[in-house]
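Structure, as structure tokens:
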Amino acid sequence: MAKRDYYEVLGVAKNASDEDLKKAYRKLAMKYHPDRNPDSKEAEEKFKEAKEAYEVLGDEQKRAAYDRYGHAGVDPNAAGMGGGMGGGMGGGMGGGMGGGFADAFGDIFGEIFGAGRRGGGGPQVYRGADLKYALEITLEQAASGFDTEIRVPSWENCDTCHGSGAKAGTSPKTCRTCGGSGAVRMQQGFFSVQQTCPTCHGTGKEITDPCPSCDGVGRTRRNKTLQVKIPAGIDDGMRIRSSGNGEPGINGGPPGDLYVEIHIKQHKIFQRDGDDLHCELTIPFTTAALGGELQVPTLGGKAEISIPEGTQSGKTFRLRAKGIRGVRGSYPGDLYCHVVVETPVRLSDEQKAILRQFEASLNDGGDRHSPQSKSWTDRVKEFFS
């Protein structure tokens, strides 16, 4: 899951002062502190998130890197991208092992085997951040699938400076600290360790005259419109991955991905269970007693169902293949209709008199008309005997 924007986490504007940041952090820390919420995992996560955001935005250098490159600019693991061992070794050790380890041992192996480092002569490359978008759809849309258009907030390259961060008519200058490599070397004992340049933060460039549209960041926050295909049968909580539609990479790095998370609205009639559907079938007590034909709703229209005489509440009727065909399913699920016998209300005196006559006729017939009631009465008598 992609990290939230640090300014959004603290609830402050991008131009917030140090004092505003401090106040916002203190407020959140007081609210979500584990001592105040000992049994809340959510509060613990929010406390950690606020702490992480303030540790970056409360530091002038880290904040500048974050404003320019987003999360990648303050991620210590991102520095390893673009490193690696080539030449006589023929293999790669970049990225996953981390910059410090790969750089230190890369120099040793280079001296022994004559291997040259690839990627060490240019600025650090960062993959763009992934984006997450929550999409709410209906059960009918989930069953049939559809194409839709969404607007996703994202950092995009500035249209004015085309991502350079420099004012029109100027260009970034080579970083004086690292000479344009985006990295500096530090001697630690026998090892020569390469680290991201603290001045240019891995870009290899310095901006002396920043672009007024993006304040030298090279990127602006805006909504981008994307087409998304929702497959038929998708279920609540599933995610659709749109490769390359996340935030753009930095220094030529690959873009991130977009993850669309599906949330299905509660339906007025149906409840979904996998590929099956369930609904309540409310019938009058006369139909339950005498039987009859009823029409029941399905996602594909109406269906006929036969109600046998003497149907009781709780009986379930199964309509095969009237459910949903799942994303990977070969056949649709079933529809289960659960009977609820409705007792009439607000009866007239005449209707009540008819029912009393009906009740008397049932009593004359003994227990054969109400076997379940007789069984329940016998169990109650046994309980109290």
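Cβ atoms here come from the backbone N, Cα and C positions, even for glycine.
Positions annotated as domain 'J' by Swiss-Prot: 5-70.
The zinc finger feature in Swiss-Prot is assigned to 145-223.
Residues 68, 171-172, 207, 210-214, 216-220, 248 of the same chain, all 6+ positions outside the repeat 'CXXCXGXG motif' (158-165), place their C-beta atoms under 8 angstroms from a C-beta of that stretch. What Swiss-Prot records for 158-165 (among others) is repeat 'CXXCXGXG motif'.
The Zn(2+) 1 binding site annotation in Swiss-Prot covers CYS158, CYS161, CYS211, CYS214 and rests on sequence analysis. Residues within less than 8 Å, Cβ to Cβ, of CYS211 (Zn(2+) 1 binding site) and separated from it by at least 6 positions along the same chain comprise CYS158, THR160, CYS161, SER164, GLY165, ALA166, LYS167, ALA168, GLY218.
Within 10 Å of the Cβ of CYS197 (Zn(2+) 2 binding site) there are 24 other Cβ atoms, across all protein chains. Under the three-state DSSP scheme, CYS197 (Zn(2+) 2 binding site) falls in the coil class. Annotation comment: Swiss-Prot describes CYS175, CYS178, CYS197, CYS200 as Zn(2+) 2 binding site.
Here Swiss-Prot flags 175-182 (among others) as repeat 'CXXCXGXG motif'.
What Swiss-Prot lists as repeat 'CXXCXGXG motif' is 197-204 (among others). Counting only same-chain residues 6+ beyond the ends of the repeat 'CXXCXGXG motif' (197-204), those with a CB under 8 A from a CB of the stretch are 61, 64-65, 68-69, 73, 79, 122-124, 126, 172, 174-178, 180-184, 250-251.
What Swiss-Prot lists as repeat 'CXXCXGXG motif' is 211-218 (among others). Sequence-remote contacts of a segment are chain residues at least 6 beyond its ends whose Cβ falls under 8 Å from one of its Cβ atoms, and for the repeat 'CXXCXGXG motif' (211-218) they are 67-68, 157-161, 163-168.
Taking H, G and I as helix, E and B as strand and the rest as coil, DSSP gives the repeat 'CXXCXGXG motif' (158-165) the counts 0 helix, 0 strand, 8 coil.
For CYS178 (Zn(2+) 2 binding site), the count of additional Cβ atoms within 10 Å of its Cβ stands at 23 [all protein chains shown]. Its Cβ taken as reference, CYS158 (Zn(2+) 1 binding site) is surrounded by 20 other Cβ atoms within 10 Å in the chains shown. Within 10 Å of the Cβ of CYS200 (Zn(2+) 2 binding site) there are 27 other Cβ atoms, across all protein chains.
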